[in-house]
Structures are given as C-alpha cells and as structure tokens.
Amino acid sequence: MQEIASDLATPPFTSAKHDRGDRLKVVQIVDVTRARSLPHRRFLGLVDQTETDYGDLLTHTEVLRSSRVLPTCSPLEFHCDNGKCIRRSWVCDGDNDCGDDSDEQDCPPRECEEDEFHCQNGYCIRSLWHCDGDNDCGDDSDEQCDMRKCSDKEFRCNDGSCIAEHWYCDGDTDCKDGSDEEGCPADVPITNCSVEEFQCAYGRCILDIYHCDGDDDCGDWSDESDCASHHPCRSGEFLCNSGLCINAGWRCDGDSDCDDQSDEKNCTASQCTTDQFRCKSGRCIRLSWRCDGEDDCSDNSDEEDCEKTGERSEEESCNVNNGGCAHKCQQVRGIVQCTCHTGYRLMQNGKLCQDVDECAEDGYCSQGCTNVEGGFQCWCVQGYELRSDKRGCKALGPEPVLLFANRIDIRQVLPRRSEYTLLLNNLENAIALDFHHSKELVFWSDVTLDRIMKANLNGSNVEEVVSTGLESPGGLAIDWIHDKLYWTDSGTSRIEVSNLDGTQRKVLLWQNLEKPRAIALHPMEGTIYWTDWGNTPRIEYAAMDGSNRKIIADTHLFWPNGLTIDYAGQRMYWVDAKHHVIERADLDGQNRKAVISQGLPHPFAITVFEDSLYWTDWHTKSINSANKFTGKNQEIIRNKLHFPMDIHTLHPQRQPAAGRNHCGTNNGGCSHLCLPSGTNYTCACPTGFKKVDAYSCAGSLDKFLLFARRTDIRRISFDTEDKSDDVIPLADVRSAVALDWDAKGEYIYWTDVTTDSINRAKWDGTKQEAVVDTSLESPAGLAVDWLTNKLYWTDAGTDRIEASNLDGSMRTVLIWENLDRPRDIVVDPLGGYMYWTDWGANPKIERAGLDASERIVIISSNLTWPNGLAVDYETERLYWADAGMKTIEYSNLNGTDRTVLIGSQLPHPFGLTLHEDKIYWTDWQSKSIQSADKNDGLGRLTLRENLENLMDIHMFHRHRTPAATMCKINNGGCSHLCLLAPLPKAYSCACPTGINLLSDGKTCAPGMTSFLIFARRTDIRMVSLDIPYFADVVVPVNGSMKNTIAIGVDPKEGKVYWSDSTLNKISRANLNGSQQEDIVTTGLMTTDGLAVDATGRKIYWTDTGTNRIEVANLDGTMRKVLIWQNLDSPRAIALHQEKGYMYWTDWGEHAKLERAAMDGSDRVVLINSNLGWPNGLAIDKVGSRLLWADAHTERIEAADLNGVDRRTLVTPVQHPYGLTLLDPHIYWTDWQTRSIQRADKNTGGDIITVRGNLPGLMDIQAIDRVRPVGFNKCSVRNGGCSHLCLPRPSGTTCACPTGIQMKSDGRTCDNAPETYLLFSSRGSIRRISLDTTDYTDVHVPVPELHNVISLDYDSVEMKVYYTDVYLDVIRSANLNGSGMLTVIGQGLKTTDGLAIDWVARNLYWTDTGRNTIEVSWLDGNCRKVLINNSLDEPRAIAVFPRKGYLFWTDWGNLAKIERAQLDGTDRKVLINTDLGWPNGLTLDYDTRRAADFVCACPDEPDGRLCSVDPGYMPPFPETTSSDERDDTVGSRKNFDSFPAKPTDSVENTIEKCSQEDASQGLCSQNVNQVLPAINGEGLHISYIIGAILSILAILILIAAVIIYRHKKSKFNDPVVSNLTYSNPSYRTSTQEVKIETVQKPAIYNQLRYKKETATDNSYTKGKIKIVEGICLLSNDDIYWDDLKQIKVTRGGILRDHACMKAETLSIQGSTDSLGDTETEQLLQDEPLSECSNVKARAPERSGLPLPDTGWKHSRKPSTESEV
C-alpha cells in the first residue's frame, strides 16, 4: 500500500510486536479478491478473529461504540453494524465483508454452480472439497459424511473409524477413543534390570547414569525418552517443578514459561534493561510498547500517564471539516475520535491514516501476498488453489496422509479424519523415513539392523538399499528430482549420498560433523539442510554436492531433532527436544522465530503441509498439529502410539514436480554421480575414486589402506587427495580381525572370530563368499602367498596353523604342536618362510618354512602381547607391535639386531603394515590410524581418529614382487598341495587334512580308510584316524541340513546316510559330499536312530515321533514297518548282520533295551532296569558284547548279546549321546562338554578328548573301510523274494512293503493294497491299507499340497480329487502322485466339501466362504452355482446319483442336514435338531436298491449305434452326415450356445430312467446337470413300449446268466467304497478319509472278501464296523457289497459301448448278501451285448415340463451314440 500524503512526517506504525519472538500482538486489516466478483474487484473490511486461524489477530484500532455514531459512509457504501463502510455491491454476495456478518443478514440463498457444493451457511465450495477431511465451508457442513464400512479384516472403533483387525488388543491404542484396547488383559512387564540400571524398551539394561544423557545408549532411543522429569537441567537452564527445563533468562520475566508457572513464583523485583519498561508487577516488556494503546503488562501500567492521542477539545466537532480526520470521525462524550478505513491505521497525530502493509506480517496469506492500497491480495504457488476465504491455499491432488515410523512398523494416518492404517510391520527399529511419490516408494532406516530399506508404498517388495557401513542412520531424505538418497549417520559422523538403489555411494560431508540427525532437501534450489546435536549444536546447509557449506543457526540449540522445509512458504521448521520448542526461519536462517514454546515435552520429528505443522512427541507418544504461523489450534492427531519417530506428509505437493532437473536427461554427462549445486550441477565420484576429468571417474582403485573395524571393513583411498575412507559393502561382517589381499584376483580376505570363518570378496565388495567356515574357533591371523596362491592362517582356539588354496580347498594342518594362542602371521614367499606371533604363557615370535619345516623361535624375550607383524621385503626386516610393551620394534628376519622403532604414545597398538617408506598401525585405545617413517619412527601422522574397534590393517597395491617357483610347473608334480620351502628344498608336497602322503612323497591316498564320522545338526564331519592328530573335516554336502541327528555309513560304496528331524527326511551322499539325494521324504517325524546294513544292502531306522522301526532298500524303495507295537520312544539302533539281529534302545516311560530278528520277528527285551535315557548303542562283534550310553545315569555300560553280564565301563559321563566302537577304543559324543571322547573299550580307561568345542554333537560312527562287510544271505536272486529279503538268525525272510499283502507262496507280494483308507492331513494325502494289521499311513506323493480339506476318489480314471483352501483350488491327481491338474482355479474361497457323481461325471462342492454349492464337469468346465441362498456354512457334501439326490451339512448358527435334487431343486431340510458341527457325511447306497446296472455310451462317437436301454437296438438313422456328427460331438464343449430351456431328450446322457425308476422319482443324469424324473399323471404309449422292451431284455439277461453260471470272469476295472470323515476345525487339523477298494486280477475276484470259504460256495464279505465315525473293515454287522464294473466288450475301459453296474463306482454297504444269480452275473466273462441294441428314449413327463435348471442345450440328440 501507499502511504496517505501528509504534511506530518511521522514514523511508520509498528505493525507487530513479539514477546520473545513467539507472541503476535497486532492484527492486520485485510483486503482480498472476491470469489465471484470481477477479476480486479476488491473489498475492505475488518477480519473477524473467529473466521481464520492465520494469526492471533487483534484489531489495533478499536471501534468505540456510543449512543451516537456519526454517519460517515457515502451513499454508495453500506453501513455495517460495527461502523464499517463497505461497497453496496458486496452486500449479500456470500462473503463476510463487514466482519460481523451484518452485510450477509436477511439475504436470499445463492444458487451454487453444478460443480459446487452448497454449504449450510450459504457458501458454495468446489464439489471436490466435499468430504476431503477439510472444513472448507467454515461450518463443517461439507464434512458431514457417512462413515465408511469396515472390511472383514478390520475392527470398528466406537467412534466409527476402522483399524486393522490384528491391532485389536495388541497393547497399542490404535483407535482414537481407545476402544480397541478396552477389556483386554493387561501385560505386566517383567523388569530384569538391577536398581542401578535402566531397562531399555527392548529389554537391554544400561547404567542408570546413561539415562537421559543425550546419547542413544539403548540403540532404540528409549533411554532418551520421558526425560522431562528425570534429567537435571544443564547450566543456563531453569528446572521447573514439573521437570521441564527452560532458559534461565525466562525466570521471573513475567511470563509463565513453565507449564506449572513455577518460573514466576518467589520472584524478587526484576531489573529491567535500558530498552525495557518495568511493569508494576515487576515484569519487563519492550520500551516501545509503552503507551501504544495495548495492555502489555496485564495490569495496564504500561498505558498509564500517557498523552491522549487523537482526542480533541470539546469545541471540536465531526461536523466541522470532519473533525480534522482523514477518514472517519466519531464523537464520544463530546470528544472527537478519528478512525481509519479497513486497510489503514491511524498515524501518531491522531488524524491522518497510513496504509497497512499486511504482507509484511505473518499469517495474512497462506503463501503469496501482494500489498495494494487499502488491502492485499493472496495468491498460491503452482499445485495449490485459493480457498473460498481468499487467504488460505489448498493443495491440489489427493487427501494428505501422514506417514510415520513407529519403531516396529510404519503406519499412515489421515490427519483430517480417523482412518489409520498399517503400511509395514514386523520391523526392528525404524527411525527415519522418506518417500518418493512418483516412484511410489518408501525408504526407512533401521538403527538396530543398521540398514536402509525400501518398499513400495503399498507395503510390497521390501528390499535392502544400504546394508553396510552404517552405525546410527538417524536422518533420511529423498531427492525426488534427481533420484538420489541422502542420509545422516551420527555413529560415523557423516552425511552420505547414493542412487536410490544404494549404488555409487559417496561420503558427502564428514569434517566438523559430530552427531548429524535430521536432514531435509530442497532439490529445486539444489541445497541440503541438516541438524547436528553434538557438543556444538547447530543447523547447517550446503549445496547438494557438499560445497558452499554454511552454519545458519548455532545459538539457543540443544537437541535439534526434526527438520522440514515449507517449499511453498520458503521457510524451514525445526524442533528442539531439550528446549521444548518449535522454531522457524527463512531458508538462509534469517527471521528466526519460535512458533510453539509450550506443551512440547519431547518433540522429535516434524513435517508441514498447507498451513499446518505436524510433529511426533516421544513423551506423549503422539502425533500433534498446530497452525504453522501462530502455533495455535493445537490438536492431537493420534496418541498412545508405540514409539513415534520420523514423520512426513505423503502428498504430491510435498515433492513438487515443477522443479528443474539440473542434470538433464543424460545424467549431466557424468560417468557416475550427478549432484545438483545451486542452479548448476557437479559430477562426483564414489568415495575413494579419483576424477579422470570433469565428467569421468576412474574405473578402479590402485592403492588404498585396508583396515577392519570388527563390524565393517573400510578403505582409505590413496588415489584422492582428501584420503576419505568408505565402507566396503560387505554382508554379515560380525567381528573382522585379520586381513590380507591378493592383487592378482583383486580379492580381499578377512577372518571373522564371531562366525569363525575366513571370507573373501572383490575389493569393491562383490562376489563375497566364505572360503573356510568349518573347524575354526578363533582365526586371528591371515596371510596370502601370492606366488603359489595359498592361504595361511592361525587359530588361537585350536592352536593350529593351517593352509589351503585361495578358495579354501585342499585344506591342511601344518603345525599343531607347541602352539599357545598364535596371533598374527605373515609370509615371505620369496624366502620360503612364514612368521607368526604367539602370546600365550610364553610369548614368542617363531619362524618356519611355508611347508612347516625348519621351525625355530627367533624372538622370545621382552614380549607381552605381540600383535601385528609385517615384513619389509626390501630391507629384509621383520616389524611387530607389542600392546603390552607399548612399542613397535623390528629386527632382521632371523631375529637379530632387534631395535625399538617407536616406544612412546602407543596405548595399545594392534594391526601393523608397511608400504614404501611408511609404517601404518591401528591403536585400540586411541581409536586411531597412524603412520610414521619406517626407518626412524619420525613424522608421525594421524590418518583417522574416533574409530572404535580397530583391528588389522594392510596396504592394497598392485606391485608385489613376482618370482618363479617350482610349484608353478605342473604343481611341482604334487597330486594335491605344493607348498614353498626354504632353499635348498624349495618346495614340498602335502595332502588335505586326514589323508596320508604316499611313499613317493608326491601322491596322496584316495581318501580316509579309518575315520570317525559324526553329525553336528547342521553339518556332518569326519575325523581321520590315519594321521597322528585329530582334525575334523566337514563333508561338503550341497543340500541344506537343519537338524541332522542319526548317521550311518555304507563302507562298500563310500556313502553316508543321515536323518534330519526338522526337514523330516533321510538323505545320502558320497563321503566327498557329491551326489546328494533324499531317499525317504514322507512319513517321518523324529528319526533318532539309523543303521546301514552294508551286507544286506538295507537301511534301518527308528522314529520316536511315530514309534516305529522301519526298513527299506538303500535307495529308500520297498519301505516296510517292521515293529510298531509296544514302542514308546525308540532311539539308537544297531545291527549284527552275521547273527541276523537288530538291537535298539527305548527311552520312553519304561526305558529298555530290546532285540529282534532283522525281519522284526523274535522280539525280546534284554534289559529294562536301571536305565534312564539310553542313547548311544554299539555292538562289539569281536567281544560279543553290547555297549550303550545312558545320559540320565551318566554311564557307559556293557553286557553280552543276551543282556547278561552287565557292567559299567565309564562313569561319570556328563551327557553322552552317540556311541561307536572301532578296534580297541570306544568313542562317544557329549552334549555337555561339546566334545568327542575316547576310551578303552575293555577297561573304560585312557580317556582323551578327540575334539572339543563342537556344539550340537549328535550321532557318531567309526568306520574302517578296509574291513570286509561280510556275506549277504540274500545275494542269490534276492533270496527268491519279489520285494524285500531280510536276514534272521536261521536264514532269511521275504517281506512286502508297508500295506501290501504277501501271496500264499510266501515270496511274492501283491502289486498294491486291495482295500485302504484315503485321507487328507493338511499338507499331505495319505493311504492306510486295510489289508495288513499295522495300519500304517503311506503318503500319496502329490506335489504342492498346502492345506487339503476334502477329497473324493474317481475309480473310473483312478484319480483323487481334492480341495486346497490355502491356494483356493480344486485339483486332481493320479494315486501315484503324477498328473496333477488344477480343475477349478478361481472363484473359490473356502471349499470344505467335495463329491463326485461317478455316473454323470460331475463334480460337486460346497464353498463355506461364498456360501454356495456348485457343480461342474470333472474337468472343471460348465461350472454352475446350484444353491446360493439360505446357506450359512455348508460343509460336507454327498451325492446319490441313482436316486438323483444331493446331501450336505450346514454348521452355521442353525446347524442342519439338507437334501436336494442333483440340479439343486426340491430342497428339503432333513435334520435340524441336536446338531452342533455336522461335518462328516456319507451315504449307505444299498439299503434300498433299484436297478442293477445302466448302459452307457462312449464320450466320442465311433460310428456304431448306441442305446442306454438294455436289449434294444435303435434303427440306423437315414441321413446323418459326418459334419453333423462332428457338430454333435462338439456340442458338449460348445455350452455357451445352449438354449434357455432344456429339451425333452437330454443331451450327453450317461444313464436313462426306466418306467419303474420314473415312478420312484429316480432320473438319469445329464453330463452338464442331473435332472430328477418327475412322476407323470398317466401312462404314455412310449412307457408301454418301454415296459415291453424291458421285459424282453430281462428274459435275455436271465438266459445269459444260465449260460454263464459256471464260468469265471476276469475283471480289470476298479471297485470302490468311499467313506468321508472330517474334523470340525479344519483350519487347525483336517482329515478326510475314504475307503478305497481296488480291483484284483480275476483269480482273486471270487475270494477277494472271503475271510472263510462257506460250504455252499456262497461269498462271505468283509464287514464294516463303525469306530469313532470311521468305517473300518472288520467281521461285524454290515456287509460289503461285492460290486464290480462289467468288463467292456472289446477290452478297453469305456472305449466301446459299455454296460456298467450302476453301483460300481459308489460307496457301498449292504445288509444283504448277493445271491448266486447276482454273483454269477457280476462274474460273467462277456457283457450283455443287448445293451447296445436298445433304443434310448427319455421317459415322458405326461405334460409336465422338465424343471428349468439354467443349463442350456442347443438341440435334441437323435441317438445316445452322439455323445
């Protein structure tokens, strides 16, 4: 605005006053552009304080009311009730121009436009703003919206909001009203920390003095939360009684800064400064506020004795020259008072008015503000639009979402409503986060895992971005324009940058950083902002390439945590948790101001959106909001959170897309990183890489210092001048100690004493792999022989020095005697020597040849802790560092001329290396890397400091001295290892551990001949007994091992067998680890014992879970259960092949030791007293003794093979498990001592430890491969057995696999079981044979089973159909597991019941999830919903095809059993009382028998006539072209073109109804549907003809029966009996059982069910006994019906026209036996041919139409053969 011309030169009026920068004192007068006016129409008016939240606005010029107000408005103006004058055209325009709404009173309502929403107060807003969570109307009428309906997986809070269902009663208050945690049992935390300790949120205990010290000692920041009442304030602060800390200068300043006003209590008279005025209350205010017309002292003392401004003498009148007033004049009690129009303020002379610059003050406009004469105009930046109040800016796009980290998860909440959802859960400790809106990605840091992760914004595809070199990544920011990731790390004191995938990582800032925390980016400006809460708290900014760094705030800061940028307002906001304040400033740090300074216990993170601030608070565990200008309108968005950390507003306007990409489309031409820098950009290189030119970086590093820091390995590049270090991106570095490198392969090598491994990777971190990870205990030293490519290392745990190839192969032990904690090792391949330090009881430095020859001690005095070693190949010196002596010394290579190089200021030197003329070392205590001159120790320089856990150090370069060696020529003639040696020997050959070198000195034996082999849960190891030392070697099996328990060896083929009780399988592999295969994968639970019969080529095992002892061939075939009765917990098993016995221990409730023949017969208990946990078992065949180990009695005992002559060999033994015997010794594994022990087998004496420090020891076997395996009794023609030949003391026994019967010859087995149960059990389908007495379940090897619920069996195609509710599919498979097909793959939810219509070839199922019953063909086609109404939870289902019935159970709220026709009609409730969970359902099909058989036609026509009526041959059709036949055949598939109603002659019929059937309500089935016959009202001529033909057919059948009465018949088709049973809670345990009867050859058909042969040659069946709901074959009560399918005419099943028994494929049970006639008919050799000569006709309905089932048919079939 422009100032009114005046002859009085008065200073401008101060528009605002600040009380310590946080309290706005004045109000501004505004003018805004109208919503519905002309483009430039303006208005003036006072702003009502209640209609906006843009500031604590108070009217500076009050309107003095009196009984007489002079009319000062012009005729063109409207006089407001409050005295204001506005334009008349603004009256009733919908805007409150007067400020008191008097211009909008008594106005007719305005009609809103089509795209507008009509508010209840008359305003019109955009329709898009309706129900967006924002009060745009002002009366909240646009947010009166219906609550959304919660989904099935959500919980509805009492306030109507929805949360995830699993959040209910999870301990976190997720509903705003807390209703999700009401009525839940309270969890009482268990405190394990002592009184002097503080317990972190995740259980860790720290000293209480570390609580609230400003450091993250817990690692999860929980020690720094809730500190308001704990931590005493530091100097310069005042402690409130409530525990809050405030600035000491705020004490007794008249303002209550403490939340309990304790800072203003007990105050003496304050001394105000010269620029302050002292109120009567003692408070000090600014002197400029004296006599300004406002009561700033709160007692009006600052306004007393002031000169009256604007008053005139009583003679003055407003009628004379307007009282001298420039604008308005009012006369009150005779005194003239001048006032100004809106947008102006009265000058000090009391007459003239001055324009108010509203834009100079905060809060008038949300974003942009343009000042005009008498008013102002607000505007918004791109991406926002002006609200209806013409002051606020509303972001375009979706509703904003607050995205925040909650430690254990990442959640999102809508700030304007109660919706609250989970994005990611099961996190460890998520702290910082940010998002990339356009790529729909969220990034977060985890300070427990020390990782930076990312995922899609829908929570999918979680990936690691940065996984190495992080210690405490507390800040994270995304450059959404240039696609870069920035982060802060207070542990490494760095700010780094990388691509979004973590590649091309660069340390951007590292100098003068202490504890960088929050970080924010301004990619449009190319700047980065961060907070640092170290010893000198500050806020800094720099260009995004790290240049132009500046401090913008470093005063009045303590814990500056959160930081955010308001891109639209060009301001930054931050929180200070110590000062409990939220502040703001311009982006350059100017105009700093406190926004909120009260009610902030511990703010952590902050974000801004539109006109609101949102922040998290640790103390209140909440998310809060307030106005960003004034701090007013504070609101709790969410409280009672787990632990809210970082927060961001997820909205596209928080990442404006309008910013320019400084790097353009080609990455700025940069080879690696392109980083914005102001308005330009900079090409940058990953850390350590030098720049070749302005755009390109070097492809590799030439020279760098390599050092280990326990949890990471770093390098300091010597290719760049800054010598900055960076972390090599390696995974799972736990405790790296020793290092070395190989320039030829560009590998670095390191040892890890936590994982006990030696590892390597390329220098850039790629191709990481473990080289040696077994039989290591404390690998402390490492060295690379670069001439022969060998790796040498020391092991302080095993006291060994070993060597191998660089890839870890051909590992060998070089030195194992007289070592006491060897530490560092270096090699001199040029001289053929290695050197190592030993800091045991007698510290020393030794030397030996690289082949372990010529070993000598070269230094043995004045040593304490000799650590690092280094060889100077140029001067031929040996350097070492001694942490105890605190020196660095050197000598000649033979130990002479010893000299102290550095003897001072070495607190604890550890690693040591040389390069050129420098020596470099690490120091534990000073936490630094230093260097000095290698000759005189001068010129000391600190390269890095403040680095914890520094270990070994090496200089990587590419200039190692080459040399020619004999080992390079044909490997020196060695078969395995060629090792260098001192001259004149030069080299020698060596063998891998455990293998002897042959007499030629060059060749190694093919393998171990005598060895121990033992299981260690996750691996199998061998200890050679051929060599003079004990060293275990891992069998390198490719497959994974989880819990390997039992072990056995086949010495003949050199294979090892083992059982894994976690993977539930038995596997085998060669002793060298090759050819691994699983031989038994089903039916195992806890296989504790295993024994290999190398003579008989069998494997025996015990299973504690199933309580069985089984046997199988060595490849797992022909598996048989030998013993299954009276077993409690069988454990170890041992075989005596020569005697034909097996022995086993049982450590159940009554522990015992038993014996039986190896075929399971002749079982006897040998010992059953004084046994506890008999674990290991071994047989001394030479001494004819039995030995066992008992972990409970802590003894190893022996007895003879009959269990007598019992005696104790070794006691006490702490916890023996495995036991074995070889030659004169016994060996056992001990859980307690974690060792393998050896003792004399006769006396138990001479106990030694073979190997120690081996946790997880299980079974053990001692093998001598030279010893013969013995004679195989079954070697000749398998003993005459068709399957298994098993030895026994008196010979051999033939046996059959489990469930299969032996034939009468005692040698031959049936091919398959005849009768069996088929049932499902979640992840398997199993079969239990009813032919044998063991009732052992055998798995049907169907793949990909997850949660199988129901099943049924189709004996026509020999397939099992089943439902899997995990995959929501219906599938079929053959009984051998092959041919698995998905029948129904979509549209299923919870398919609980399944049934097959074996006649019509249809599939029926119930779906509990969708509450439907459906049907389809067996191939899944022609699917139809039969019933979908009045179903609650349909479960089991059964069909009765011959009667046309469908039965099912429903176990919903009103449990019932129902019945309907097979097409879903005629539905009827059968039982609805006394039911709970009606699950299993089966039918007895034979209580009321009807027809004996039906005729069927083939699926595809073969040109011959076909009829389903027995005895009738239809006439040959006169004209039927081949095309017509083809069309007919194809009509089944073409079901989409069926007409709306079915025809009388149903197409594709397999079974037709006779007249008698029709009268009984029975009907034939259509392939697409099953149509029940409807009784007619009268006879039809076709019925009479049909009856005559039926009688004729019966006479022919009787004749055929008489002819074939004495003939026998062969049957190849199956006979099936089905029974189903299910557990009501299928989600926890589901079984469905079916009894299947599979047809045997013809000779067995007559005797198949004969338990005894009756004298009258009748057929006695096996009978059914109901036991707990499952039908089992027995000899009681109900008879099985011997139902079989008639053999087809030409030998193929259903290939030609077939006459089939209707009951053939059904579940059968009958109370009557078959008569002779029926039996002979079933046993006929040939079927009745008349079945194909009868014309098929559908029964007439006597005028009644077929029921409309919805199945469509295209036309009537002419004959049945068209099917």
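A Cβ is built for glycine as well, from the same backbone N, Cα and C atoms used for every other residue.
Between the stretches 294-326, 1515-1547, TrEMBL puts its region 'Disordered' entry on 1515-1547. If you go by TrEMBL, C92 shares a disulfide bond with C107, out of C80, C85, C98, C107. Checking C131, C137, C169, C175 against TrEMBL, the residue bonded to C157 by a disulphide is C175.
If you go by TrEMBL, C200 shares a disulfide bond with C218, out of C184, C193, C212, C218. Cβ environment of C137 (disulfide bond): F117, C119, Q120, N121, Y123, I125, E143 lie under 8 Å away, each six or more residues apart in the same chain. Within 10 Å of C218 (disulfide bond), counting C-alpha to C-alpha distances, fall the following of the disulfide-bonded residues C162, C193, C205, C252: C205. When averaged over the repeat 'LDL-receptor class B' (832-875), pLDDT in the model lands at 94. With a cut-off of 8 Å on Cβ pairs spaced 6 or more residues apart, the repeat 'LDL-receptor class B' (1140-1183) and the repeat 'LDL-receptor class B' (1358-1400) reach fewer than 3 such pairs and are scored as not touching. If you check the disulfide-bonded residues C92, C150, C267 against C284 (disulfide bond), none has a Cα inside 10 Å of its Cα.
Among the disulfide-bonded residues C175, C240, C267, C272, C291, the residue whose Cα lies closest in space to that of C205 (disulfide bond) is C240. The shortest Cα-Cα distance between C157 (disulfide bond) and any of the disulfide-bonded residues C92, C107, C252, C258 is the one to C258. Secondary structure of the repeat 'LDL-receptor class B' (1358-1400) per DSSP (helix as H, G, I; strand as E, B; remaining residues coil): 0 helix, 23 strand, 20 coil. There are 20 other CB atoms within 10 A of the CB of C157 (disulfide bond), with all protein chains counted. Sequence-distant contacts of the repeat 'LDL-receptor class B' (440-482), counting only residues of its own chain at least 6 positions beyond either end whose CB sits under 8 Å from a CB of the stretch, comprise 202, 216, 219-221, 403, 405, 410, 422-424, 427-434, 488-492, 498, 500-502, 505, 516-521, 523-524, 528, 530-531, 544, 646, 650, 655, 659-663, 674-676, 711-712, 714, 726-731, 733, 765. Cα proximity to C162 (disulfide bond) (within 10 Å) is found for the following disulfide-bonded residues from C107, C175, C193, C258, C267: C175. Within its own chain, the repeat 'LDL-receptor class B' (1054-1096) has Cβ neighbours under 8 Å at 1007-1008, 1013, 1015, 1020, 1022, 1035-1048, 1102-1106, 1112, 1114-1116, 1119, 1129-1135, 1137, 1142, 1144-1145, 1158, 1177, 1259, 1265, 1269-1274, 1285-1287, 1324, 1336-1339, 1341, counting only residues six or more beyond its boundaries. In this view, C272 (disulfide bond) is surrounded by 16 other Cβ atoms within 10 Å of its Cβ, with every protein chain counted.
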